[in-house]
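Asker: One structure coming up, written as structure tokens, with questions to follow.
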Amino acid sequence: QCTDGYEWDPVRQRCKDIDECEIVPDACKGGMKCVNHYGGYLCLPRTAQIIVNEREEAAAESTSGRNNVIRRTPADPHRAPPNPTHQIQCAAGYEQSDHNVCQDIDECATGIHNCRADQVCVNLRGSFSCQCPPGYQKRGDQCVDIDECTLPPYCHHRCVNTPGSYYCQCNAGFQLASNNHTCVDINECDANNPCAQQCYNILGSFICQCNPGFELSSDRINCEDTDECRTSSYMCQYQCVNEPGKFSCVCPEGYQVVGGRTCQDINECETTNECREDEICWNYHGGFRCYPRNPCQEPYVLTSENRCVCPVSNAICRELPYSVVYKYMSIRSDRTVPSDIFQIQATTIYPNTINTFRIKSGNENGEFYLRQTSAVSAMLVLVKSLSGPREHIVDLEMLTVNSLNYRTSSVLRLTIIVGPYAF
């Protein structure tokens, strides 16, 4: 922005003087002649002579050779010798030098200007100009701040105006580039990695994530252990144990973990047990028991494995069941009811006989019911849920009669072991 009387020269990239004598018609009246001057022009009598020092860039170059403008240099052989006794008349803004020529007065250096304290004095040929410092513009006779933030965008994000200048700011998560105008993303993960475990940079910010088994805390930075055991009661079949970043399942004594969560009975009879030689090992859900290999009690004698017979030759046997068979079975605790649990069936079938089945003992609380399924078989039904660990001994009797009034009976002594758990 050039001051009055100057215009911008795009070639030389600076302000140049406007020749008003060329562009202003009839600039001078009353027979006066127009002489161009820095930042303006002069109206002088036509007989006036103007001497311009060649060492300075002449403002009257365009009028050289007219209006009696004389250009002199120190090396000019036709230059008149100085006559110190002859006083010359200089135009306003010039003064006589020691060489008896007119030279410019630097009003800014001598302090004879009238620029305000908030203005900058710029010396001109024959005059001076009061200009505003960078970042200010002239409004009347005052310099006011230029709000650069209202001009076409200088800043990428935010512009902050200051007296005579401005600076740029970036939004959170960004920083100024080297040009102090553009904002570039800050990779927080590479800078200081604020996350406790995993950090992912995104434009203008970052997000934290946690390893499996952990979850973000309320500050969205730290990770807290996820208590999987509290999130669900079905994580483990028996007991869930929380650990940092994971969990594990444990099973009670007599069981082993299968598939990470399920409890499976350990068959101690196949691995290790404390049964004697005269005992057999019977595995049940959650443990094992030892039973005698010969369970027969007087007057019964062992005829085959688990089968005791009362000899007919013994008079006592006439009032007792002919045979007693010992069986063992295991059921889980709290089994759903009604549930078929054991089938009894005649091993020998005689013609013209009728078989009936009944629970002879061991059902004092009504937990069982015996349903006859055919002429030679019956099904033991659990009708009341049983909780373990406990042992039930139930005698199931089969009565056999024929048309000749023959009557006999046999007993199946069933030992039911109820495990301590429902698995």
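Using N, Cα and C of the backbone, Cβ positions are placed for all residues, glycine too.
Checked TrEMBL, it gives:
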- 58-84: region 'Disordered' (REGION)
- 104-144: domain 'EGF-like' (DOMAIN)
- 145-184: domain 'EGF-like' (DOMAIN)
- CYS149-CYS159: disulfide bond (DISULFID)
- 185-224: domain 'EGF-like' (DOMAIN)
- CYS189-CYS199: disulfide bond (DISULFID)
- 225-264: domain 'EGF-like' (DOMAIN)
Asker: In whole Å, how far does the CA atom of CYS189 (disulfide bond) lie from that of CYS159 (disulfide bond)?
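Answerer: Counting only the Cα atoms, the answer is 28 Å.
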Asker: Restricting to the same chain and to residues at least six past its boundaries, which positions have a Cβ under 8 Å from a Cβ of the domain 'EGF-like' (225-264)?
Answerer: 211-215, 285-287, 420-421, 423
Asker: DSSP-wise, what's the residue breakdown of the domain 'EGF-like' (104-144) into helix, strand and coil?
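Answerer: The composition, in the requested order, is 4 helix, 18 strand, 19 coil.
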Asker: In the predicted model, what is the mean pLDDT computed over the domain 'EGF-like' (145-184)?
Answerer: 93
Asker: Could you list the residues of the same chain, at least six apart in sequence, whose Cβ is under 8 A from the Cβ of CYS159 (disulfide bond)?
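Answerer: Once residues fewer than 6 apart are set aside, CYS159 (disulfide bond) is near GLU148, CYS149, PRO153, TYR166, TYR167, CYS168, GLN169.
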Asker: Report, as a single number, how many Cβ atoms besides its own are within 10 Å of the Cβ of CYS189 (disulfide bond).
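Answerer: Taking every protein chain into account, the count is 17.
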Asker: Tally the residues of the domain 'EGF-like' (225-264) by DSSP class, grouping H, G and I as helix, E and B as strand, and everything else as coil.
Answerer: 4 helix, 18 strand, 18 coil
Asker: Summarise the domain 'EGF-like' (185-224) as counts of helix, strand and coil residues per DSSP.
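Answerer: Helix (H, G, I), strand (E, B), coil: 4 helix, 16 strand, 20 coil.
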Asker: What number of additional C-beta atoms lies within 10 angstroms of the C-beta atom of CYS149 (disulfide bond)?
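Answerer: The Cβ of CYS149 (disulfide bond) has 16 Cβ neighbours within 10 Å.
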